[in-house]
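Undergrad: The structure is given below, and queries will be raised subsequently.
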Amino acid sequence: MKNVLVYCRQGFEKDCAAELSEVASSKGFYGYAKVVPDAGYIVYNFDQADAGETLIQQLNFNRLIFARQIIAVNDVIELEQGGRVESLLEAARELPLAEEIWIETADTNDAKALSGLIKKLEKPLREGWKRSGVLRNKAVGVRHHVFMLDGEAAYLGVSYAACRSEFPMGIRRLRFPAAGPSRSTLKLEEAFLQFVPEQTLEADLTEGMTAVDLGAAPGGWTYQFVKKGINVIAIDNGPMQKELMSTGLVEHEKADGFKYEPPYTVDWLVCDMVERPIKVAELMAKWLASGWTRRAIFNLKLPMKKRYQEVTLCLQTMEGLLRKAGVSYQYQVKHLYHDREEVTVCIMVK
């Protein structure tokens with residue numbers, strides 16, 4: 001398969017394309033992106049016949065910022081009414097064998113209108129795939145994706161376990177907790193699930209730890225720590241939710257998040273303040289370089305244009321400051337499903 005299809009948040013197609021172009025060229029793959037504004041996906045076309053499939057097998061999905069899902073595809077498949085399954089199955093015979101098949105769309109209002117058609121197609125597609133021998137249990141880690149554009153066209157692609165999301169449409173859906181102070185609480189919940197490895201979860205998020213939440217009010221991010229039994233120093237001039245304060249785990253300090261300094265090293269620093277991204281990046285680097293925290297999760301609020309370039313600038317700035325301070329660290333950046341015009345960064349000191 002020569003091309004790559006990447007799912008992304010609607011409105012972030014150019015940023016997704018800019019990132020993939022840089023990543024692909026760094027590995028010796030060159031082509032061009034087909035970008036339709038607000039489509040919720042991009043298609044990157046390469047010159048080499050097998051470039052798409054080869055590239056995705058070389059990528060680390062967790063290092064991609066704007067991609068929700070990434071699959072290798074060929075050209076669009078035209079579908080005829082009454083013959084959609086047959087058209088897709090014919091194309092599937094040219095793909096590697098797979099252990100499962102997913103039927104998806106972009107995350108847009110227009111695409112949601114296809115949900116009825118997808119439900120009708122799911123059973124006959126799965127049965128057709130099994131009957132033809134395209135699905136095999138031995139094809140471990142290989143998945144086929146039918147990406148429906150409308151009732152008359154679709155992409156058919158393949159993904160590999162080493163570089164993909166394990167959630168349909170690349171979306172990790174979370175339920176808003178009844179006691180949550182604000183919907184922003186879902187951002188940090190998703191960030192923990194995305195960034196904190198399951199094997200180190202108990203060590204990284206342990207009852208009795210202390211976290212600082214800059215710009216905490218009304219307590220959406222603080223809530224995620226409190227429900228894990230972690231103490232929080234909440235920094236904000238605004239009011240905190242009364243129920244959070246009654247837990248006895250929250251110390252509310254009315255102060256400027258950019259001026260506050262902790263009295264001792266804390267286990268976590270989190271920040272969702274609305275401020276220029278470079279200013280937040282410099283503040284986070286200051287905390288880590290000063291030894292005030294060993295772990296940080298924060299959001300960078302992005303401009304309307306050249307968002308990938310802005311993220312790159314922030315990361316380079318932090319890298320320079322931390323290198324100068326002799327801090328060894330690892331990081332991840334992701335445009336999470338519950339993020340909007342922002343990306344979430346996690347940095348942990350080694």
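Cβ coordinates are placed from backbone N, Cα and C, and glycine is handled just like the others.
I grabbed these lines from Swiss-Prot:
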{"type": "ACT_SITE", "residues": "K301", "note": "active site, proton acceptor"}
{"type": "BINDING", "residues": "S184, A217, P218, G219, G220, D236, D256, D272", "note": "S-adenosyl-L-methionine binding site"}
Undergrad: What's the CA to CA span in angstrom from A217 (S-adenosyl-L-methionine binding site) over to K301 (active site, proton acceptor)?
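TA: A217 (S-adenosyl-L-methionine binding site) to K301 (active site, proton acceptor), Cα-Cα distance: 17 Å.
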Undergrad: At the Cα level, what's the spacing in Å between G220 (S-adenosyl-L-methionine binding site) and the residue listed as 'active site, proton acceptor', rounded?
TA: 17
Undergrad: So how many other Cβ atoms are close to S184 (S-adenosyl-L-methionine binding site), meaning within 10 Å of its Cβ?
TA: 19
Undergrad: Taking only the residues the record lists as binding S-adenosyl-L-methionine, namely S184, A217, P218, G219, G220, D236, D256, D272, what is the largest Cα to Cα distance between any two of them, in Å to the nearest whole number?
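TA: So the binding residues stretch over 20 Å, Cα to Cα.
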Undergrad: Might you list, by sequence position, any residue in that chain lying six or more from D236 (S-adenosyl-L-methionine binding site) with a Cβ less than 8 Å away from its Cβ?
TA: D213, L214, G215, A216, A217, H252, K254, A255, G257
Undergrad: Can you give me the Cα-Cα distance between P218 (S-adenosyl-L-methionine binding site) and K301 (active site, proton acceptor) in Å, rounded to a whole number?
TA: 19
Undergrad: Using a 10 Å cut-off between Cα atoms, which of these binding-site residues sit near the residue listed as 'active site, proton acceptor': S184, G219, D256?
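TA: Near the residue listed as 'active site, proton acceptor' by Cα: none of them.
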Undergrad: In sequence order, what residues of the same chain, 6+ apart, have a Cβ less than 8 Å from the Cβ of G219 (S-adenosyl-L-methionine binding site)?
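TA: Listed in sequence order, they are P181, S182, D213, A234, M240, Q241, L244, V250.
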Undergrad: Find, for the listed binding-site residues D256, D272, the residue with the lowest Cβ contact count at a 10 Å cut-off, counting only other Cβ atoms.
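TA: So among D256, D272, the binding-site residues given, the one with the fewest Cβ atoms within 10 Å is D256.
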Undergrad: Can you tell me the three-state DSSP label for D256 (S-adenosyl-L-methionine binding site)?
TA: coil
Undergrad: Would you find the one among the recorded positions P218, G220, K301 whose Cβ has the most company, meaning other Cβ atoms within 10 Å?
TA: G220
Undergrad: Should G220 (S-adenosyl-L-methionine binding site) be counted as helix, strand, or coil on the basis of DSSP?
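TA: Assignment for G220 (S-adenosyl-L-methionine binding site) reads helix.
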